[in-house]
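**Q** Can you keep this structure in mind? I'll have questions shortly.
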Amino acid sequence: MAGAIIENMSTKKLVIVGVILLLFQAFSFMVGGLIAPSPTTAVHYLATKCVDTVKTHHKDSKWFMPWGPDQCSKIRDFDEATAKRIEANNIVFAVHIPLPNREMSPWFQFMLVILQFDIAFKMQNQIEDGSLVTMDVGLAYRDSTLSEWTEMAHSTEHRKLSCNFTATMTYENEGRYYECDLLPFMEVGSVAHKYYLLNIRLPVNERKKVNIGIGEIKDIRLVSIHQNGGFTKVWFAMKTFLTPSVLIIMIWYWRRITQMTRPPVLLEKIIFALGISMTFINIPVEWFSVGFNWTWMLLFGDIRQGIFYAMLLSFWIIFCGEHLMDQTERNHFSVYWKQVGPIVFGSFCLFIFDMCERGVQLKNPFYSIWASDVGTELAMAFIIVAGICACLYFLFLCFMVFQVFRNISGKRSSLPAMTKARRLHYEGLIFRFKFLMLVTLACAAMTVIFFIISQVNEGHWHWGGYTVQVNSAFFTGIYGMWNLYVFALMFLYAPSHKRYGDEQSSERKCQKRETTAPVQKL
């Protein structure tokens, strides 16, 4: 039986491989930190209050521009609307994305919009508990300042207000603003057009209790978040470089396995499957999103990541099981159904949750599963079930790691009494298990550490004359790290040409000489 390359590699060669991988790891962090800009940009907008003077909704006059040659008839505030006897149903909040003299680009990849209401406190018009804001929202686009607006989406949406008034509710504090939470408003998975226009109406119907008890809304503020074009280009280039790298080592790995006289074992199959899932993530299909309006790319990206993480978690379980060294035959995937089952079920729950959110947004970009009580409970149920599956998986993994280390301690005491070939076999198992555990813990620790750093700092560091983008370094560095992890697995754990059988036959020859030597002396 052939051992893995890592078992037969000298310490010097292993150190050389480790140094090369560390250099590539440092390079992946430097690409994001020194070359790429910050991953995303947030732009703040204040909605312009337009007046629908026509009071009809003809196709040619339903879009209201906040500025420009065809800008709408505007009012400064609602006091002016009251003085001019303008009803609330005739006020349209208009937002043009992007700001004047700028253009959106397909390199921005996605557009996420967050909404916040500026609500003033009034003793006679307070926010009621559990109040809902009903919005009639429309989204349009165009690619030229001279062309007409084309409707992209239209919907009636509801958002639950969550506001807090920190001062005392008295007449003296009228006019002060509530502190309201940010609300999810819109998400578009592709930025294929140059200009976007949002029109928001807040219809009032006292008989149906529509927009009653929501306080006195003064303004609507939006925050648009999109991916930076410079970061997108660096990200695409990195994926383009890593795809052939992992694909070549994967083909080499499987060819090396097929050259063996025995069929592939389960551990070799799961490593190959892990390489396939990593290649699936790496394939830069995002290049096509620059030329095509593929709004499903966000959902497709989530599915690819989910498949990789499921394969990675399954690999850790099977790797531990195949190194238990308890003489039990485990070379079948069905043996691990108890451990892999929570992974599959948890991944399925997260997939359903993603389909309920981003799947629906393919038709209605204003949809949010968190907007309703039923949707919130359903989303929380999926997340809680996935969390329980993650906890079960972690317990199974910890128990299996404990079993492996316990068996290692037992085998070490009996190693001197074994034959050389058998001793080398178990020493190889022990070494490669401890090596992978060390590398895996290092990768997991780096992921957690850089995630925490990216959350608590301002986004960049100044180092001498250079500006280091920490968030970009986190994305490119961690992405490169897991690629190197899979690359190292397929290289170091591929079958070696050296065989224990050759060593065992030489050991038997030595033993034969030792037994015949005393007879010759006699």
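Numbering starts at 1 and runs along the chain as displayed.
The backbone N, Cα and C atoms fix where each Cβ goes, and this holds for glycine too.
In case it helps, TrEMBL gives these features for our protein:
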type	residues	note
COMPBIAS	503-515	compositional bias 'Basic and acidic residues'
DOMAIN	48-227	domain 'Wntless GOLD'
DOMAIN	228-497	domain 'Wntless-like transmembrane'
TRANSMEM	234-254	transmembrane segment
TRANSMEM	266-285	transmembrane segment
TRANSMEM	305-324	transmembrane segment
TRANSMEM	336-353	transmembrane segment
TRANSMEM	378-408	transmembrane segment
TRANSMEM	429-453	transmembrane segment
TRANSMEM	473-494	transmembrane segment
**Q** Does the transmembrane segment (305-324) come close to the transmembrane segment (378-408), meaning at least 3 CB pairs under 8 Å for residues 6 or more apart?
**A** yes
**Q** I need to check the long-range neighbours of the transmembrane segment (305-324): which residues 6 or more away from its ends have a CB within less than 8 Å of a CB in the stretch?
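**A** For the transmembrane segment (305-324), the far contacts come to 265-267, 270-271, 273-274, 277-278, 280-281, 330-331, 333, 335-336, 339-340, 343-344, 347, 350-351, 354, 393, 396-397, 400-401, 403-404, 407, 429, 432-433, 436, 440, 482.
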**Q** What average pLDDT is reported by the model for the domain 'Wntless GOLD' (48-227)?
**A** 89
**Q** Mind checking which residues of the chain, 6+ beyond the ends of the transmembrane segment (336-353), have their Cβ under 8 Å from one of its Cβ atoms?
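**A** Result: 303, 306, 309-310, 313-314, 317-318, 321, 330, 369, 379, 382-383, 385-386, 388-390, 392-393, 396-397, 400.
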**Q** Residue list, the transmembrane segment (234-254) vs rest of chain: Cβ under 8 Å, 6 or more residues beyond ends.
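**A** Same-chain residues near the transmembrane segment (234-254) but 6 or more away: 28, 31-32, 35-36, 271-272, 275-276, 278-279, 282-284, 286-287, 472, 475-476, 479-480, 483, 486-487, 490-491, 494.
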**Q** State the residues, same chain only, that lie 6 or more residues beyond the ends of the transmembrane segment (266-285) and have a CB under 8 A from a CB inside it; answer 'none' if no residue qualifies.
**A** 236, 239-240, 242-243, 246-247, 249-250, 253-254, 257, 297, 300, 304-305, 307-308, 310-312, 314-315, 318-319, 322, 330-333, 482-483, 486, 489-490, 493, 495
